[in-house]
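Written out below as structure tokens is the structure these notes cover.
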């Protein structure tokens, strides 16, 4: 089958396969990294992905509807409840990103974390965020209703190496002025170590190497085929011309 394809055609196939391997998903990145914010908080969403030379525009979606905004970042200066929902983006050289959920809450305190599902051994960071960054004192973090950490001044709570026992419902409490305020409870899940997937053993560079090796083998095979045919044609011509000399053993 390979001999039916010209080198140009094979190179086109290799190029197409390489481009397909190169086409990756864009990614929405939140700054700050919290996906739960309070009303009036500022949020910047950035679209990370491959951009064509000279074109850094991006397409944005909010809850499935196109946002009339083409910049690589999308800013929400003062979040409102209607800003909640799923956000997606796409660059000129990438597939559409997976959706990222943004939740806009009302209240005095809000528990924040970079994510809510962790692997065993991960560091868990919890933040007791106040509306308009008002001063909070005597902050306490709770897991399943039990106090886990207390700070006289508002500070983040870190769990260095998460285990399954750290899964549960968390909230924070603190004093704003002379009022004792509490955040809503949020569930945190700690999963076991991830199982290696097949894709782990077939990284992106492996796919490119596969196409290159295939092309190289084709070139070698084609060269041998041409050389053998040329030698056979030469031998047949010499035989017809009577130039072949037979040697007999002693």
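Each position is counted from 1, following the chain as shown.
Glycine too: its Cβ is placed from the backbone N, Cα and C atoms.
Residues or ranges marked as topological domain 'Extracellular' by Swiss-Prot on the basis of a curator's inference: 21-207. Note on the topological domain 'Extracellular' (21-207): mean pLDDT across this stretch is 93.
Residues annotated as disulfide bond in Swiss-Prot, with sequence analysis given as evidence: 47-89 (among others). In the three-state DSSP classification, residue 47 (disulfide bond) falls within a strand.
In this view, residue 63 (N-linked glycosylation site) is surrounded by 12 other Cβ atoms within 10 Å of its Cβ, with every protein chain counted. Marked as N-linked glycosylation site by Swiss-Prot: 63 (among others).
Break the domain 'Ig-like C2-type 2' (120-189) down by DSSP state and the numbers are 6 helix, 42 strand, 22 coil. Annotation source Swiss-Prot lists domain 'Ig-like C2-type 2' at 120-189, citing sequence analysis.
The annotation disulfide bond is assigned in Swiss-Prot to 128-172 (among others) on the grounds of sequence analysis. Under 8 Å, Cβ to Cβ, and six or more positions away along its own chain, residue 172 (disulfide bond) finds 109, 111, 126, 128, 139, 140, 141, 142, 157, 182, 183.
Among the features that Swiss-Prot reports, N-linked glycosylation site is placed at 133 (among others), with the record citing sequence analysis.
Per Swiss-Prot, N-linked glycosylation site is recorded for 180 (among others). Sequence-distant contacts of residue 180 (N-linked glycosylation site), defined as residues of its own chain at least six apart whose C-beta falls under 8 angstroms from its C-beta, comprise 173, 174.
Around residue 187 (N-linked glycosylation site), the C-beta neighbours below 8 angstroms that are at least 6 residues distant in the chain are 116, 167, 168, 169, 170. Summarising the annotation, Swiss-Prot assigns N-linked glycosylation site to 187 (among others) and lists sequence analysis as the type of evidence.
Residues or ranges marked as topological domain 'Cytoplasmic' by Swiss-Prot: 229-250.
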Given the disulfide-bonded residues 47, 89, 128, and counting only Cβ atoms in the protein chains shown, which has the most within 10 Å of its Cβ? 89
Work out how many Å separate residue 63 (N-linked glycosylation site) and residue 89 (disulfide bond) at their Cα atoms, rounded off. 11
Between residue 133 (N-linked glycosylation site) and residue 89 (disulfide bond), how far is it from one CA atom to the other, in Å? 29
